[in-house]
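Beneath this line is the structure, given in structure tokens, with notes to follow.
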Amino acid sequence: MFPNLKCYCSSSLITPLYIVNHGETGPIRCNRCKAYMCPYMQFMDGGRRYQCGFCSCVNEVPVQYFQHLDHMGRRMDLYERPELSLGSYEFIATLDYCKNNKPPNPPAYIFMIDVSYNNIKSGLVKLICEELKTLLDRLPKEEGAETSPIKVGFVTYNKILHFYNVKSALAQPQMMVVSDVAEMFVPLLDGFLVNFQESRAVVNNLLDQIPDMFADTNESETVFAPVIQAGVEALKAAECSGKLFIFHSSIPTAEAPGKLKNRDDRKLVGTEKEKTLFQPLRGVYEQLTKDCVAQGCCVDLFLFPNQYVDIATVGDVPSHTGGSIYKYSNFQVEVNGQQFVSDLRRDVEKSIGFDAIMRVRTGTGFRATDFFGAVYMNNTTDVEMAAVDCDKAVTVEFKHDDTLSEESGAVMQCALLYTTIGGQRRLRIHNLSLNCSSQLSELYKSCETDALINFFAKSAYRAMLNQPLKTVREILVNQTAHMLACYRKHCASPSAASQLILPDAMKVFPVYMNSLLKTPTLVGSTELSTDDRAFHRLLVNAMGVEETQVLLYPRLIPLHTMDVSSDAIPAPVRCSEERLSESGIFLLENGLSMFLWLGQACPPDLIQNLFNVPSLGHLSSEGMSLPVLDNAHSRKIHSIISSISQQRATSMKLLIVKQKDRSEMLFRQHLVEDKGLHGGASYMDFLCYVHREIRQLLT
């Protein structure tokens, strides 16, 4: 069983959860296993005691929680109490659940901008400063609150760090420089973290000045680890949790802790040592991760590399603190500016909780054994996250080590303790009860293929840090063959051995598995950049089921036959070159990239409606864009693109490719049913190979 627990939901998309407040006594829990009060607790003895649904321990009901039972043995207030009648709800936590038994302070956001030569020259620093002026008005706030309680702070850096005092009483911001990056400290306490509404004038003044201050810089070397250290120290001093937004462009080669050197050796691809390319450098960065998690300091990293930056290492802290990593290679304001700004806006505005710790409890017979996500594990049961937001999912693997009862089923409870934006400590509880069966056929009937492939992707991406990629790929194929052979042997009706029989619920499993084997991370080609492969690996690690589903099987949507009067998005077709037609236009998206493919024989009137030019020949192959025009076709396509973009966690830059152009190669590598450009079988070849493996296992 591989439930994928999406821990934190955006309140704009679903009804907010009911909040239960038991006052100073706090939530009611089982004395033995510490499970929280939920619908699986069985009340007895006229309502004076209850039996825990997880460990069967019989507990006394606290006096203030007592309620009589009806003739069915249910509490009279069953439907008035969310914790007795709902699967998900929240408890307000007492001081016992807070650090040092003190209520937490509201969090802080610290913006840390790399002002080295490349970022100034590309116009990035100016863009960030301009955007922040409006964005700081849109910091997340509690439901119904007028303003956001989040404090903000600013740091710029290259080889040294510059801190800014933006206290509201100042006429001008003040800069303080720390050049001793080996012993990092924050040179000021008062005035570094401020309320934006109160210090608006000084902050805007600072954001106007930063691009000019460094306009003539020639400094191209940067530090990185001391930047994170500075952020953690600042949050420690303010006794709060928070998030660092780091805008960084190059491998940190300046003399400082965490200095890195280029270890991008493509000669290792395909060898036993290939795994070392993806292993982060330990030491300084490992300690930083621990410090961040202990402080509730989440790191979000925006990378703007022109060459290798060692994403495996610089992305390690974000990927263990509930952070996100964004990458814009060879950044140019006019090309990637809009995509970056969209990502930054969403990242600053999204629903988030801080200083989180999660535990999954289960009934007897099975237990949670492994956790995959942007999390930190100090022991085998506590999943720690410096922050948890609406785009992150934790995949949990369960193993059953004893008999499960078909009558009572398997129950589990996920409890997430976190701090809200307003600085309130809360417990979010999710309860789930699953049916159990002794019949294998029942298991295959209700198998959840999308969750299964999410689990396989995450476990393979973890295994590749310790095993050769060839071994990891072989294990994936073997597991696929074993699962399907088991079905064939125990569940399928007898038929010729030459026939491939798949369970209904797993019909698409082989196509997903083949696609996973062809991902940049697992395919192992010297043509792919090591950073791109490491980046892809870290992204997938935090993804939910829906994201891995569309990543491994992109949507290919025909637009030339669409009904412009309908609101619906046209149905996608199979992701193969066979489905493309020379006279067609197709949109392809996988949650990270988006392409508009134009067939050679596209009708001129369609091209006129979309691009305002008479025919395909009039479109230049370089840097095409899709204008907004006042006609039904243009409006419909823009509406489809906008609707898809809203469903995705990151902004996708639209690439327009013409059939037979050089840029078409980028598009073709996403046609996952075909042979992979960098290696990897077509879907049909993979299916034949798996079938051979199954037959071998059965004989």
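Keep in mind that glycine also has a Cβ here, set from the backbone N, Cα and C atoms.
Copied from TrEMBL, the annotated features are:
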DOMAIN    27-65  domain 'Zinc finger Sec23/Sec24-type'
DOMAIN    104-348  domain 'Sec23/Sec24 trunk'
DOMAIN    353-437  domain 'Sec23/Sec24 beta-sandwich'
DOMAIN    449-548  domain 'Sec23/Sec24 helical'
DOMAIN    570-640  domain 'Gelsolin-like'
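Here the domain 'Sec23/Sec24 helical' (449-548) sits against the domain 'Sec23/Sec24 trunk' (104-348); at least 3 CB pairs are under 8 Å, leaving out pairs fewer than 6 apart in sequence. Per-residue confidence over the domain 'Gelsolin-like' (570-640) averages 93 (mean pLDDT, predicted model).
When the domain 'Sec23/Sec24 helical' (449-548) is classified with DSSP, helix, strand and coil residues number 69 helix, 0 strand, 31 coil.
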